[in-house]
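Colleague: This is the structure, below, for whatever I ask next.
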Amino acid sequence: MASILSTDSENIMQPKNKLSSILEWGTLVGSTILVCFFLLVILWEIFSKGSSVITWEFIRSLPTEGMTKGGILTPIIGTVMLTLLTALFSIPFGVCCAIYLNEYAESNWLTRLIRASIRNLSGVPSIIYGLFGLALFVQGLQLGTSLLAAGLTLGLLSLPYIITTTEEALLRIPNSTREAALAVGATKFETIKDIVLPSSMSGILTGVVLTLSRAAGETAPILFTGAAFYINQTSVSVNQEFMALPYHLYMLSTQHQSIDEVRPIAYGTALVLVIVVFLMNLTAFYIRYTYRQHEK
Amino acid sequence: MRYSARRSLDRVFKYVFKVTGLLVLLLLGAILAMLIYNSVAFFVDVRPLDFITGLEWNPTGDNPKYGILPLVLSTTLVTVGAMLIAIPLGIGTAAFIAEYARPGLKNILKPTVEMLAAIPSVVIGFLGIVVVGPGIAHAADLANGLNALNGAILLAIMALPTIITVAEDAIHAVPKTYKEASYGVGATKWQTLRKIVIPAAAPGIIAAVMLGVGRAIGETMTVLMATGNASLLPTGMFASVKTMTATIAIEMGEVPYQTTHYFALYAIATVLFIMTLAANMLGEYFINRFRKYHAA
């Protein structure tokens, strides 16, 4: 950092020779290529070694024989249910809070305090959300280690992101739109419900899908709130433990007693997880893109 | 609907929205209360000075030791290592995207960075086990590559998207007139970038780095999977280290409820919370300074 900011003795007016300008340009291009290279290595490793593992059989069968054989249906179902629960808790709460901040809140100390705590919450490490979930939901509210406790924990973790992205979407609606509705006699709530929310829906959805894709890949918050090593059934209930894709990958690559034997399954799990997350991101980009086209 | 019914519905929802805003405040308050309550319970058993200056973390021995220094130093070592890699790469890439890349290339590079950000941390940790670890072991002739260097490389990859995005915004926001004035006196593009653009964007770039630091300190899964987790004072980049987040993740699953060891993990979480909060607040301070400076 210091070397970039410091001024050196070279004369700023001196014409540069070609070699040094290539070197200078190369530094920037080089770092950009290296960053892209990181992504390529990650994707190449996961896709080349995971794609041979993924078959229809792998997706739809249960883990068997101490998870050395079989598929990953149980963790897939667990992750889907967990993400749905997260959505169920965080969306209504987050959207309502964003509506309060953008439509109702006056510019006073309380509003500033709420905004500051939202910024704070988004910086809190995910493992601390895990501890909070353990203390509040698992032990405090006696929910035990369960799908419900983990879903609530991930819901809290997602909250600041949902609020921030929803507020950005609400901000894009011009005030004249609200005033037009109020002028024809709609109450403030009716204006929000019938005019503001529908016209900012795509922006809200984009933020929601991106946030949920993040939640689907989280591991630390579910470590102590309900993720299980192994479950031998696919039926899910909110008050029982569950298997989840990220936790399954963590467990297969560090905790399993025959790590080398399950390595192919770990690659397959990683690939499915990456595909799920990328598909959710693509959905978000698609919503944003069609909305922008529509707007033009 | 009758007018009075519409009016009362309006009033009810006004309070519903306000309550959600206050609940967010309550959430941060509850997290703080949890951390403080459990830390106080810990400091009843262990003197704060022994915790902060203790050189040994061995809570399960016959004579339990609760010294946090090895954990704090491990976290610091891995984070500093990550930043040594991520800062030059991140600023170089940000400068390339903001100043050199044509719009077509920008449209490829920006989604690439977003894709890197979307990869779940557990997948990056898995890559640390199967790619980076064996690579380090081979290059440095070690028995295994699970050490501080491995964690630093992975955390650099995780912090890069944050650093690139925020730094690119900052470089992009530098007024065009600054650059034109520099070109006008005969400076080359590189000279302008180094002596004008980057110094002018410095507060934004520092903010980018601080947000990256906050992300690296709080990251759990990658360091848990890749750094070897030996709770000793770290001796160098090739030493196996156990960060604060990894300690919480490993030991919380094993401790009996409400023992000194249990409370100790919350005390670690409190220190972790303070460290990430400091990094994020510094980042925010510099972002605000940057905005103020360029609004004037």
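For all residues, glycine too, the Cβ spot is worked out from N, Cα and C.
Straight out of TrEMBL:
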type: DOMAIN; residues: B:72-283; note: domain 'ABC transmembrane type-1'
type: TRANSMEM; residues: B:12-37; note: transmembrane segment
type: TRANSMEM; residues: B:68-101; note: transmembrane segment
type: TRANSMEM; residues: B:113-136; note: transmembrane segment
type: TRANSMEM; residues: B:148-167; note: transmembrane segment
type: TRANSMEM; residues: B:196-217; note: transmembrane segment
type: TRANSMEM; residues: B:262-282; note: transmembrane segment
Colleague: I'd like to know if the transmembrane segment (B:68-101) touches the transmembrane segment (B:262-282) in this structure, counting it as a touch only when three or more C-beta pairs sit under 8 Å and are separated by 6 or more positions.
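Modeller: With 3 or more qualifying Cβ pairs, these stretches touch.
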Colleague: Which of B:12-37, B:68-101, B:113-136, B:148-167 has the most Cβ pairs closer than 8 Å to the transmembrane segment (B:196-217)?
Modeller: B:148-167
Colleague: Mind checking which residues of the chain, 6+ beyond the ends of the transmembrane segment (B:148-167), have their Cβ under 8 Å from one of its Cβ atoms?
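Modeller: Residues 74, 77-87, 89-91, 93-95, 97, 113-114, 116-117, 121, 124-125, 127-128, 132-133, 136, 201, 204-205, 207-209, 211-213, 215-216, 219, 222-223, 226-227, 234, 236-241, 243, 287 contact the transmembrane segment (B:148-167) from elsewhere in the chain.
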